[in-house]
Amino acid sequence: MTEPDVAGAPASKPEPASTGAASAAQLSGYSRVLLKLGGEMFGGGQVGLDPDVVAQVARQIADVVRGGVQIAVVIGGGNFFRGAQLQQLGMERTRSDYMGMLGTVMNSLALQDFLEKEGIVTRVQTAITMGQVAEPYLPLRAVRHLEKGRVVIFGAGMGLPYFSTDTTAAQRALEIGADVVLMAKAVDGVFAEDPRVNPEAELLTAVSHREVLDRGLRVADATAFSLCMDNGMPILVFNLLTDGNIARAVRGEKIGTLVTT
């Protein structure tokens, strides 16, 4: 399952946010969020799981939940399998995508375990039925879990090949009535240029969906982005590797890049 990266380089300090409606929205904070995590980060750059990384993410999420915010999570599976890459090696695309979906379930179960060690009741819901390890994806049940203060992790992507976990994040956010998609990356946000090419590239702190589209800036894959743009769902792109950034994002502090209609 493909997950485009935001163009970026090693993290740098975010620039001051520009004024306007997007900044005003960011300052208001959020009560229900959909957190999108890339699978590669769970592996610490390697194949498999890095327990230290998963534990650090779980601690950040637990702090947010204890503050009364409802949080759902979508995790990629790139630390195990990436369907598009396996296809390039000759594997049939639909089969490789299903392998990627199973990778997201492994990540979901790992995060559930570390969250419950933090004392946070967590439910995993999967788009592919696997009753021994997770609930089936039922949006009304997911909302009920959130209202009870539980974390809900959505695994197995959309349950369909050719759809990325970015698209899953956008669709799930809309269906559960989230205020925002928090797109956690290994970079500070969205840049005007690729910082790997231009180290002085400007970090954009607030842009519109239309501007992202017109300028060809990479935030999420096209399907995910279209869903968010058409339905007015804001996306906040921020650096997960900075400890405490999930809580800062939820509080509406000026970090990363806020994309609004």
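Including glycine, each Cβ sits where the backbone N, Cα and C put it.
Look at Swiss-Prot and you will find 1-23 tagged as region 'Disordered'.
As annotated by Swiss-Prot, N-acetylthreonine applies to Thr2.
Under the heading ATP binding site, Swiss-Prot lists Lys36, Leu37, Gly38, Gly39, Gly78, Arg82, Phe191, Asp194, citing sequence analysis as support. When other Cβ atoms within 10 Å of the Cβ of Gly38 (ATP binding site) are tallied across all protein chains shown, the result is 23.
What Swiss-Prot records for Gly77, Asp97, Met158, Gly159, Leu160, Pro161, Tyr162, Phe163, Ser164, Thr165 is UMP binding site. According to DSSP, Leu160 (UMP binding site) is assigned to coil rather than to any helix or strand. Counting only same-chain residues at least 6 apart in sequence, those with a Cβ under 8 Å from the Cβ of Leu160 (UMP binding site) are Ala127.
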Fewest Cβ neighbours within 10 Å, where candidates are the binding-site residues Gly77, Gly78: Gly78
Cβ neighbour count within 10 Å of Met158 (UMP binding site): 21
Maximum Cα-Cα separation (Å), residues Gly77, Asp97, Met158, Gly159, Leu160, Pro161, Tyr162, Phe163, Ser164, Thr165 listed as binding UMP: 14
Rounded Cα-Cα span from Ser164 (UMP binding site) to Leu37 (ATP binding site), Å: 12
